[in-house]
Amino acid sequence: MPRHLDEESPLLEHISEDRNHTDHHLDFAPDDTRNPRAWTRKKRLFNVSIIAAMSILSPLASSVYNPAIKNIALSLHTTEEKVIATNTGYIVLLGLGPLIIAPLSETLGRRVVYTVCFSVFTLLQIPTALAPNIASLITVRTVSGFFGSVGIANGGGTINDMFPPSGRAGIYGWYLLGPLLGPVLGPILGGVIAQRLGWRWIYWVILIICSVNTLIGILFLRETYAPILLAQEKARLEQENKVTYTYEGQDERKLREKLLTSLKRPFIILSQPVVILLSCYQALIFSTTYTIYTQMQNIFAGGYGFSTEQVGLLYLFIGLGGLTSVLFLVPSIDDVYNKLTARNKGVALPEYRLPLTIIGSVLVPVSLLWFAWTVSFRLHWLIPVSALYFYGIGQVMVINTVQNYFIDSFSQYAASAIAAGSVLRSVLGGVTPLFASTMFERIGYGWGTSVFGFLAILIAPSPLVLYYYGSRLRERFPVSFSS
């Protein structure tokens, strides 16, 4: 009998004939180079680098305008709050886009979805740079957020296509630096461009960079989703041999019916208690991060007298924290996972991804309270900025462990699982900064930032709770993707 076609047992080519039927069954041998998990490490990492670049550029575009908020408001004769609203629509669609884009990739294939969506995202930088008023800027940026979400939507699923669970977290950590470092690098790039060339050139530069990445993707990005690869092999063999081939789990329904089923998938996953709880945790992290990003200019330019370029450089501290985490802590996620699996007689559980979340659960609230009150009392700038370094470490540990948990829990539909988990975080990440400005005006940065810190303390035990009880919850609320 053929192996079960899921992403824990990758689809590699092997053909056998069922004695009771004329159909031939497609399966794969472990050393078949057409299997993405059997590609050379160099080939797999090159594929990851292309999607990682996409995943850097779209979040980068979410914050690249931050140092130029005042300049954009003056240029378009509007308020700073309305300029911030351009980012709200962008980030919200960055979260809602995966609900459609991720299941599309599980129906049409990863490659075509990547190339089409990112090509559209690239072209939309042109009307963004030419926007004559705030209404058109909000509209175009909102739409571009949808198409720009393709890297975030499919990155986790693509990496799962190519790497087994035992060695995935380390690679995923480097990929995840894209969505996390993009918003860090954006203000640095935007600050330099806005101060020297004007804010419109921010988007012309983004257009040039995205065009290069789009071209590389069109030329070199490979398909990785195993069911699509097997379907292609089936079509080729049937054409050559004039016999019928089948593979486990193949879907012969019309494309419209398959698309409708796949589009329901993220919502089914999102209804699971474990996903709801950890999505709330991610949402808090993203809301906090984007709130800090939008307030950096006011805090350090207004309170400390920094220039636009100097404020942009301060974002690097969060990025350095993330890099430290990926270099020294993230690889241990796989180590812990493998040790716990061995201790459980070789049976792996998604909950084995969660123990190291405790690092982030401690660092996030501590660093936020540290940042809040050192800014409030105007202590030397290096003291609050150092808190951002530890915040960067903490957020990477939380996001990485949570997303690996989602991938392991819904392996074959990893992209849909990541999409489901991204909805709440992006919606709140986009909306919260709008209300945060008013909160800071009323209660100051000390108590205002402490609100986020207190919320982080309240939700901190959730990964520990799921470590002990997550498997029971998943058993009690099973997921069915049948139509």
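For all residues, glycine too, the Cβ spot is worked out from N, Cα and C.
Residues or ranges marked as transmembrane segment by TrEMBL: 45-64 (among others).
The annotation domain 'Major facilitator superfamily (MFS) profile' is assigned in TrEMBL to 47-474.
The feature transmembrane segment is assigned by TrEMBL to 84-105 (among others). Below 8 angstroms of C-beta separation, residues 58-59, 61-63, 65, 69, 113-114, 117, 134, 137-139, 141-150, 152-154, 157, 225, 259, 262-263, 265-267, 290, 294, 413, 415-416, 418-420, 422-427, 429-431, 433-434, 437 of the same chain, each at least six residues beyond the ends of the transmembrane segment (84-105), sit close to that stretch.
Taken from TrEMBL, the feature transmembrane segment covers 112-132 (among others).
Outside the transmembrane segment (138-159), and at least 6 residues removed from its termini, the chain residues within Cβ reach (under 8 Å) are 47-48, 51-59, 61-62, 82, 85-87, 89-98, 101-102, 105-106, 110, 113-114, 117-118, 120-121, 124-125, 127-128, 131, 168, 171-172, 175, 178-179, 224-225, 403, 406-407, 413-419, 422. The transmembrane segment feature in TrEMBL is assigned to 138-159 (among others).
For 171-195 (among others), the entry in TrEMBL reads transmembrane segment.
Per TrEMBL, the feature transmembrane segment maps to 201-221 (among others). Panel annotation: around the transmembrane segment (201-221), residues 46-47, 50-51, 53-54, 57, 60-61, 64-65, 68, 111, 114-115, 118-119, 121-122, 125-126, 128-129, 189-190, 193-194 of the same chain, lying at least six beyond its termini, place a Cβ under 8 Å from a Cβ of the stretch.
Here the transmembrane segment (267-293) has long-range neighbours at 62-63, 66, 87, 91, 99, 183, 187, 315, 318, 364, 368, 371, 388, 391, 395, 398-399, 402, 405-406, 409-410, 413, 416-417, 420-430, 432-433, 436, 449, 452, 455-456, 459, 462-463, 465-466, 470, 473-474, 477, 479-481, meaning same-chain residues at least 6 beyond its ends whose C-beta is under 8 angstroms from one of its own. Under the heading transmembrane segment, TrEMBL lists 267-293 (among others).
Listed by sequence, the residues of this chain that lie at least six past the ends of the transmembrane segment (313-333) yet keep a Cβ under 8 A from its Cβ atoms are 63, 169-170, 172-174, 176-177, 180-181, 183-188, 191, 289, 292-293, 296, 300, 306, 353, 356, 359, 381, 385-386, 388-397, 400-401, 404. Taken from TrEMBL, the feature transmembrane segment covers 313-333 (among others).
The transmembrane segment feature in TrEMBL is assigned to 354-373 (among others).
According to TrEMBL, the feature transmembrane segment maps to 379-402 (among others). Remote same-chain residues near the transmembrane segment (379-402) are listed as 169, 172-173, 176-177, 180, 184, 278, 281-282, 285, 289, 292, 300, 304, 306, 314, 317-326, 329-330, 333, 353-354, 356-357, 359-364, 366-368, 370-371, 421, 463 (criterion: CB distance under 8 Å, separation of at least six residues from the stretch ends).
Per TrEMBL, transmembrane segment is recorded for 414-435 (among others). Within the same chain, residues 7, 81, 84-85, 87-96, 98-99, 101-103, 105-106, 110, 149, 152-158, 160, 262, 265-267, 269-270, 275, 278-280, 282-287, 289-291, 293-295, 402-403, 406-407 sit at least 6 positions outside the transmembrane segment (414-435) and bring their C-beta atoms closer than 8 Å to a C-beta of that stretch.
Per TrEMBL, transmembrane segment is recorded for 447-469 (among others). Tertiary proximity for the transmembrane segment (447-469) is limited to same-chain residues at least six positions away from its ends with a CB under 8 Å from its CB atoms, namely 274, 277-278, 280-281, 284, 287-288, 291-292, 351, 354-355, 357-358, 361-362, 364-365, 368-369, 371-373, 375, 398, 401-402, 405, 436, 439-440.
Beyond the ends of the transmembrane segment (171-195), by six or more residues, the same chain brings 45, 48, 51-68, 71, 151-152, 155-156, 159, 163, 201-202, 205, 289-290, 293, 296, 307-309, 311-313, 315-316, 318-319, 322-323, 325-326, 330-331, 333, 392, 395-396, 399-400, 403-404, 407 to within a C-beta distance below 8 angstroms of the stretch.
Within its own chain, the transmembrane segment (354-373) is flanked in space by residues 285, 288, 292, 329, 332-333, 336, 340, 384, 387-388, 390-391, 393-399, 401-402, 405, 445-450, 452-454, 456-457, 460-461, 463-464, 466-467, 470, which lie at least six positions past its ends and keep a Cβ under 8 Å from the stretch.
The average pLDDT the prediction assigns to the domain 'Major facilitator superfamily (MFS) profile' (47-474) is 91.
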